[in-house]
Amino acid sequence: MAADVQQSHRPGALKQQNKSHKHGKHKSKGQLDKETKGRVNVKTATKRNKFLQRKHDRKHHADQIRKQKREEVLSLKRSRGGNLSPPHFVVVLSLHEGIDVSGVLEVLKSCDESAIVTQNEQGVIHVSIPRFKQRVSLYVPEFANLYAVLDSVKVADSVLGILSPEGGIDEYGERILRCLFGQGLPAVTFVSQGLKKLGGKKLSETRKFLQKKIERWFPHEKLHSLDSEQDGLLVMRSITNHKIRPVHYRDNRPHLIAEEIQFELENEESPTGTLRVTGYLRGKNMSVNGLVHILGWGDFQMKQIDSKTDPYPLNPQSERQKENQMEDDSGEVRVLEHADPRHQESLQSENIPGEMEGEQTWPTEEEMEEAEAASKAKTKVVRKVPKGTSEYQAAWIVDSEEEEIKDDDESDDDDDEMEDEDMMALDASGSDSGEEAEYDTLTMTEAGDVAHYDQTIDMEEEERMLEKIKEERNHVMFPDEIDTPRGKDARDRFQRYRGLKSFRTSPWDPKENLPADYARIFQFKDFRRTKKRVFKDVEEGGVLSGWYIQIHIADVPKEFMTSYKPGMPVVIFGLLPHEHKMSVINFLLKRVPEYRPPIKSKDRLIFHVGFRRYSACPVFSQHTNASKHKFERFFAHDMVTMATIFAPISFPPCPVLVFKEQHDGQHELIATGSLHSVNPDRIVTKRIVLSGHPFKINKRSTVVRYMFFNSDPLMCGKFFPKSISASELLMDFFGTFYLQKKIDSTLLPDKDIEWFKPVELRT
C-alpha cells in the first residue's frame, strides 16, 4: 500500500494582508516595555505627569488618597472624648426665652446608669459614659449674655441648641445664631423637650413647625426629642459620633477653657499678680516662651506650665492606680516647661522709632561740591505752605501778592477742617491715649424694658441720626460731590488734594507724606511667606495638645479677679509669633440686612477679630484690584467694603464681627466678614467732585458758572474742547478726571482757576 503523504498548506498570491496599527511617531506601550525591561528613566520618574501612570498605578494612588483622608477623619474623632484625649466640650444654648435648661441637663446626666457625673466651680458638668468609651463636658452660658455665648462657642466642639415646643426660635435665638454664623460654628445638634406631652396630630404639626425653623438656618440638621433617658442616650451618642467641623482660626492656635482658677498677689499693694489656669489643652502645641491672650483682658507672658492628673477620668479605678504610681514616682504636679528670658516673646506691641531714623550718613567732599554748585545754579523760592506739604504739592501753589493773615482762631478751625478731609487720617483709636485706648474692657448689659420707648427716647441722638441719614442719602445721589466754599478760596480749602490724570494708572508713592504714627507700626516684607513659616513652626516643640495642664500667667491685673463672676467662661488662646505687634489691618466686610441706619466712616465700632475684641474707628474704602482705593464716606449697603484700622496683627483665615453700641448700652451686630490682609502700603485716597452750572455751550468751548467763588468779579471758566453734557460738569480731584481741560489765563484772572490750571483732565 502506498503511504499517504501529508503536505502543508501554502498560501497563494491572493492571501489577505491586514494593515498594521498606526500608532504614529511614538512607540506603543508594549514596545516601550520590551525595550526598557522594567528600567525607569530618571527624568520620567521625577516628572509630575499624571499621564505617565498606568491604570493600576492610578487606582492605587486613588486608594492611598482615600485611605489617608479616612485616617485623618478617624484621628480627628479620636482626639476628642477618649481616655487620653480631652472630653467633647458641648455648649448648651437656649434659643428661646422660656426654656428650662435644667430639665435638659437632668435628662442628659441620668441617661446612663453607669455614667459618672461631676461638676466643677466654673459650672462645667463632666459626664463619663463607659458604654460609649467617651467623655462629654457640658457648659451653659449665662442667658442674654452675648459675650459669654461667643467666648464659650469659640472653644466648643459641639453646640446643643434647645428649641421651645411653642415658639421654636425667638428673636433672641436668631440674634445669637446670626452672630455665631459670622464667628464660625462647630457641629450643631438640635433638641426639644416636652413634645411627647402633646397629642398625636398636634405632635406632628409641632414637629413640622420646629423642623422648618431649623431648616431655615441648617438645611441638613434634624430635630431630636429629649423626653426620656433613651432620648438622652441617643443625643449623647449623636454628639460623640458626629463629624468634627474645623474652625481654622481656633485649630491653628493652642487654646483652653478654664476648669480651675487661682490668683496670687506678691503683696497687698501690688497691682498685678500671677494667674494659674488649669484645663485641657486643645488645638496646637503650646510653648511657655510664647504669649497668651485672655479674652477681654489682653496679652500676657507665662512663667511655667505644669502637668496635673486628670480629675475626670473615663475609668476611675484604673486611673487611681496610675495616679498613685505617678505620685510615688514624681509627685502630684510635674513641671513641664520653665520660661527662658532669652527666648521669651516680648510684650512690646509698637516700634520705637530712632531719633536718627531716615537720616543720611555724612556726605563725601564730592557730594558737597556738587550740592554747592547746584545751590548756586538754582534760586531758592520761599513759600508759605501748610504743615506737612511735600515738594510736589508745594509746586502747585500759586504765588499771590495779597496774602490774608488769618487770626489764630480761624487758622485752628481751618486746620481741624483739613484734618477731617485728609486722606491719610487713618484714625483707628479715635484719641491720643495710645495703647490703653485701643483695648477696652467691654461688658454686656442686660436689655431694658422697651415697652416705654417714648419715655426713654434721646432726642439729641434722634436728631443726629436724622442728619446722618440725610447726609448718606445726599452722598448716594451725588457721590463725592461737595459744595465749593464761598467764604474761603477753593485753593485754600483743597490745598491738600492733588490732581490725577487717571485714577487707575497714575503713579502714587505709598511712602509719601506718611503720618508720624506709621513709624510705630510693623510691616512684613512678604506677609504670605511669613504666615506660611509661622504655621509650619507652630507644629514643633512645646507642650502636647490633649494634656491636662496648669498655666502660670504673669502680671495679670487684680481687677481681673474683682470683676470675675463664678460661672463666667475664662478662655485663653496662645498667640502665634508677631500677633501682639501693631500694624494696619484690612477687613473685608458686608453689612447685615437687618441693620439699616447709616454708618459713617470713622464712627467708633466694636470689632471681634477671631479671639480678640477691641473698639476702633475704621476708614472705609472700595475693594478693587487697583493700586489705589477710593475712600468711602459711608458703609455701603448690599456690597462688600474694605475697613482699615490700626490693630494687633492676626493671620488669616480669621472671621470678623462688627458691633455698634446703641444709646441704651446694647451691642448690635452691623456687619460680618473676614481678615483680608496686613498691609500698611494699601493706598486709601479721598476723592472730591466740584460741580458747576453750564452757562453757555458752544461748538468748541463751554462756559461753566458757580464753580469757584472769591473776591474777583469773574466767576466762570472756559474749557476746550466741548466734551461735557448740558446738565453738569464734574471735576474729580483725587480720582479720574473725565474732561480734557485747557484754561485761557488771559480771560480768567480768577485765583482758584489759576490754582487748578495744572490739573489735566481727560475724557
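Even glycines carry a Cβ here, placed using N, Cα and C.
Caution: TrEMBL annotation is automatic and unverified by curators.
Small disclaimer: the values here were computed from a predicted structure and weren't measured.
Annotation comment: TrEMBL describes 18-29, 45-59 as compositional bias 'Basic residues'. Annotation source TrEMBL lists compositional bias 'Basic and acidic residues' at 60-69, 319-345. The compositional bias 'Acidic residues' annotation in TrEMBL covers 399-419. Marked as region 'Disordered' by TrEMBL: 1-69, 308-380, 393-419.
Long-range contacts of the compositional bias 'Basic residues' (18-29) within the same chain, counting only residues at least 6 positions beyond its ends with a Cβ under 8 Å from a Cβ of the stretch, are 35. Residue counts for the compositional bias 'Basic and acidic residues' (60-69) under DSSP, split into helix (H, G, I), strand (E, B) and coil, are 10 helix, 0 strand, 0 coil. With DSSP classes pooled into helix, strand and coil, the tally for the compositional bias 'Basic residues' (18-29) is 1 helix, 0 strand, 11 coil.
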